[in-house]
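Annotated features, as they stand in TrEMBL:
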DOMAIN    4-147  domain 'Ketopantoate reductase N-terminal'
DOMAIN    182-321  domain 'Ketopantoate reductase C-terminal'
Amino acid sequence: MTKIAVVGTGANGAGIGADMARHGLDVTFIEQWPAHVEAIRERGIEVRMPDRTEITPVKAHHLCDVATIREKFDLVFVGVKAYDTRWACELVKPLLHDDSLVIGLQNGMSIDDMADVVGAGRTIGAVIELASNMWEPGITNRQNPPEESWFAVGSISPETEGREEEVAAALRHAGTVEISDDIRSSKWMKLIVNAAELVPSALLNLELNTAAEVPGMYDFMLACGTEAARAALADGNRLRPIFGMEGARLDEPDAFAEQLFEIVLTRFSLPDTKTTSLQDWLKGRRSEVAEINGLVVDVLERAGQDAPFNRLVVDLARQVEAGELPADPANLDLLLSGVVAR
């Protein structure tokens, strides 16, 4: 039987891993929150969805247990924050064999960090779209159950071409899975909508849909997304449909960015959905603003272009994380006037 590890079993990782374990796959959790590991060991992982709750027994290890694990894993799903990718991959590298595959279930463009550590021939890129949150150890609140969740997987090296189905077969227990022939572009498409939604709404300390309804905010968020679409193209990628979207306007970056944003708002976000960035701040952690909005700024800067909307998001997010500015609806004025003033 295929041996699977999930490294980083927060809200999304725990739900996805639970789906695979519940369907009989051999799954091991490796997790950095001690209380979470102990809760899973005691009572299993509890996944609360809008219409049902499922509790699944699963093996769970603390990070400090990794040195005691002797088995090798065939598939390793990485669910830590993008900025934690390198150390997480180094941690599990001794648990890989030559033909293992490591899959990044993360935002941002972490695939290159993964490949640097474990090798491109063992790296599979992935795109994930589902909303969930975690506030208590051992419990994940999954707002999009498997029948509403979406994934894409793809190779970044000829060495793994043809092996994507090994990953897709496991992930199909957690949602719809597409195999992408250009996973780098697919991941950039997700980054387009992440740039629009995650940190901009968190700066107002509001749920995603609530933030998008604040006068002026939808246009600001969309401007962040359109800058990200231009960055994707400047970085040598191509616009391509994700989330199973139909009628994608691939020849119009601005219109395409709005299509993506609307899909997330209407299909994947509930009225009480807080973005992962807002969840991070509420837990006292830093966000992935550097890996998302910051990347947009950097890519366009290298291309001789500016990204004033994303640059402002990065600036304000750094103030929030430095304790100099609270995340608050009052930041709307800073967002809407800041770009004009530049």
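Placed from the backbone N, Cα and C atoms, the Cβ positions cover glycine too.
All annotation found in TrEMBL is predicted automatically rather than curated by experts.
If you average pLDDT over the domain 'Ketopantoate reductase N-terminal' (4-147) in this model, you get 97. Helix first, then strand, then coil: DSSP counts for the domain 'Ketopantoate reductase N-terminal' (4-147) stand at 55 helix, 55 strand, 34 coil. Counting residues of the domain 'Ketopantoate reductase C-terminal' (182-321) by DSSP class, helix then strand then coil, yields 92 helix, 0 strand, 48 coil.
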